[in-house]
Amino acid sequence: MEVANNVTEFIFLGLSQDPGVQLMFFALFLLFYIVIMVGNLLILLTVFSDPQLQTPMYFFLSNLSFVDIAYSSATAPKMIADFISEKKTISYWGCVTQMFTFHFFGCAEIFVLTVMAFDRYAAICQPLRYTTIMSANVCIVLASLSWLGALGHSFVQTLLTFQLPFCNDQVIDHYFCDVHPVLKLACADTTLVNMLVVANSGLISLGCFLILLASYMIILFSLRKRSSESRRKALSTCGSHFTVVTFFFVPCIFIYLRPSTTFPLDKAVSVFYTTITPMLNPLIYTLRNEDVKNAMKRIWSRKVSFKEKGKG
C-alpha cells in the first residue's frame, strides 16, 4: 500500500461540532462503552465458568461477545476522546489500522450471527440430529471460517481504499475511518473501487441477512406442530437473535449497499451498528435468556459460599 500521497493525517468532523453537544455525547458514549465492556465480559465469564453452558449456542455467543468488545473498541475510544479534544486527528496509518480492524471485527460479527442462526435452525428443526450436526469439531470449523472470511474481507476492503492516492484534502466527514468517507478524499477515479466495495461489503451484509431471514421463516414454519412450551422457548431465543440482527444488518445494508454517496444521516445510522448493537447484545442475551441468568446466579452463589467458608 505504498502510494504517493501528500497526506500524513486526517481530521474528523465527528458527530457534532457544538461544544455543549460534544460534552453530552462524551458522557453518553462513555456510558455506552462501559456497558459494552462490562456486559460482554460478564457473558464471557459466565459461559466459560459454568459447565452447563458448554454447548454450541453459548460457544458462538461467547464468540459474539468477544467480537463486540473488539469491534466497539475499534472506534469508540477514539470517538470518545475526540469529544473532548480540540483537534480530532488520526494519522494516515492509524486510519488504515482503524479501517482494517473495524471491518475485520464487523464482518466477523456478520458471520457469527449467521452461524448462530444455523445453530438455532439445527436445534429446533433437527433436534434428534443436533449433537451430530453441531459437534465440537463442526463448531470450531464454523467459527474458524467466520474469522478467516472476515480477515479476507477486511484485507480486500482496506487494500482497495488505500491503494488510491490522497493529495491535499484531509477532512473526513465522519467520526471514524470508514470506506465511503475516506474514498471521497482520494484524488483519483474511484468508480471501480466503489463498485467493488458494494460487492464486498454490501452483498455480504445483504446475503447473510437473507440467509438469516430464510432460517427464521423455516424455524417458524416448523414450530406449528410443537407444544406451546416448546414454541415459547424457541420464539424467545429466536426473538432475541432477530432483534440483534435487525439493529445490526439493516443499518449496514443502508450504508454499504449503495454507491459511494454520503448523507447527513449516515453518521447517526452508523452509531447503531458500531455502538448500539454491541451494547444491546449482552442485555438481550441475559435479560431474555433463562439459562444465562441461572448460570449467573449459580456463579454468584458459589462466590458467596466461598467467601463465607473463607470467613469461617
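For all residues, glycine too, the Cβ spot is worked out from N, Cα and C.
According to TrEMBL:
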DOMAIN    39-285  domain 'G-protein coupled receptors family 1 profile'
TRANSMEM  23-45  transmembrane segment
TRANSMEM  57-76  transmembrane segment
TRANSMEM  96-118  transmembrane segment
TRANSMEM  130-150  transmembrane segment
TRANSMEM  202-223  transmembrane segment
TRANSMEM  235-257  transmembrane segment
TRANSMEM  269-287  transmembrane segment
Under a Cβ pair cut-off of under 8 Å, which of the recorded stretches 23-45, 96-118, 130-150, 235-257, 269-287 contacts the transmembrane segment (202-223) most often? 235-257
Restricting to the domain 'G-protein coupled receptors family 1 profile' (39-285), report the mean pLDDT as a whole number. 87
